[in-house]
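Novice: What follows is a structure written as C-alpha cells; I'll ask about it next.
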Amino acid sequence: MKNAPAVSFSAMPSADAERPILVFDSGIGGLTVLREARVLMPDRRFVYVADDAGFPYGGWEEDALRERIVELFGKLIAAYDPEIAVIACNTASTLVLDDLRQAYPSVPFVGTVPAIKPAAERTSSGLVSVLATPGTVRRAYTRDLIQSFATQCHVRLVGADQLATVAEAHIRGERIDEALVVEQIAPCFIEQDGNRTDIVVLACTHYPFLANVFRRLAPWPVDWLDPAEAIARRTVSLLKPRRADEELHHHNDLAVVTSRNPDYAIRRLMQGFGLHFA
C-alpha cells in the first residue's frame, strides 16, 4: 500500500475572485486537458492541481486511493470553490468519480474515460487498442464501455505499467529509454485476417505528451486518439453561460502541487503554461 503525507491548501486570493475551473491529475499529464480547455474557454480562470505527493496512482490499493482523493477534494473545494471540477486522470475517474459526485453534489464533475466509443466509430479495420494504466485496464467500467459501444470491434486492452512515469520524465526534458517505450506499446499492434490495428486510444492523460515518440517508434501508422478536446467540450457544455453585463474579477491561473515542493523542471513547465504557484 502506498502512503502520502496529508495536505492542506490556502484560500482563494480574494472574495471577489471568479470561481475557477479546477483541473485535477495525479501529476502533469492533465496539462494536455488544460491546454484544450483554455482554447475553448479563454475567458475562464483555472486552478490546476497535481497530486504529485500521491503519484503514481498505480502503486495504491484502490480503497486507500479512493479515500485519499475524496478527502483531497474536500480541501480543494473549501479552498478554491470551483464552478466545475475536471478529473483529468483516467485512473482516478474510473475509480472515484461516482464517489466524488455523491460526496460533493453541489460541484459538477467531468471525468476522463477511455475514448472507446469514438474509436469504434472511426476504425476501418475493426482492430482497436486501448493503451492505459493497469488500474484503468482492470476496472469493470472500461469493459462496460467496450460492451456498450464496441462489440463490433476487436478491442485489446494494454496495461502499460511504466509509461506515465516515462511521460513525466519526457516532459521534464530527461532522456527516456526508447526500448522501454517500444516494449510498452508493442502489444497495441495486432495483425489479424489481413487487417491491422488502426486506432490506439490514449487512455491516460500523460500519454499525449509522448505521442510524437509513439508515432516514430510504432511499427506502422495508427490514429493515436487523444480525449483532451472532448473533455474540454464536455466541460463547456456544463458551464452556465455568462451574462452580457457580468463583471469579471480575473486573477492568475494557479498551479497547486500536493507535495508543496515542486522541482525546478516542474516549476518551469507550469510557468510555461502560464500558471502561478499557489
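Note: Cβ is positioned from N, Cα and C throughout, glycine not excepted.
Pasting the feature list from Swiss-Prot:
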{"type": "BINDING", "residues": "Asp25, Ser26, Tyr57, Gly58, Asn90, Thr91, Thr205, His206", "note": "substrate binding site"}
{"type": "ACT_SITE", "residues": "Cys89", "note": "active site, proton donor/acceptor"}
{"type": "ACT_SITE", "residues": "Cys204", "note": "active site, proton donor/acceptor"}
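Help me picture these features in the structure, burial and contacts included.
Specialist: Over all protein chains present, the Cβ of Ser26 (substrate binding site) has 31 other Cβ atoms lying within 10 Å.
Sequence-distant contacts of Cys89 (active site, proton donor/acceptor), defined as residues of its own chain at least six apart whose C-beta falls under 8 angstroms from its C-beta, comprise Phe24, Asp25, Ser26, Gly29, Gly30, Tyr57, Thr112, Cys204, Thr205.
DSSP gives Cys204 (active site, proton donor/acceptor) a coil state; it is part of no helix or strand.
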Novice: Helix, strand or coil at Ser26 (substrate binding site), per DSSP?
Specialist: coil
Novice: With an 8 Å cut-off on Cβ-Cβ distance and a minimum sequence separation of at least 6, pull the same-chain contacts of Asn90 (substrate binding site), or say none.
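Specialist: Thr112, Val113, Pro114, Ala132, Thr133, Thr136, Ala203, Cys204, Thr205 - these are the non-local Cβ neighbours of Asn90 (substrate binding site), listed in sequence order.
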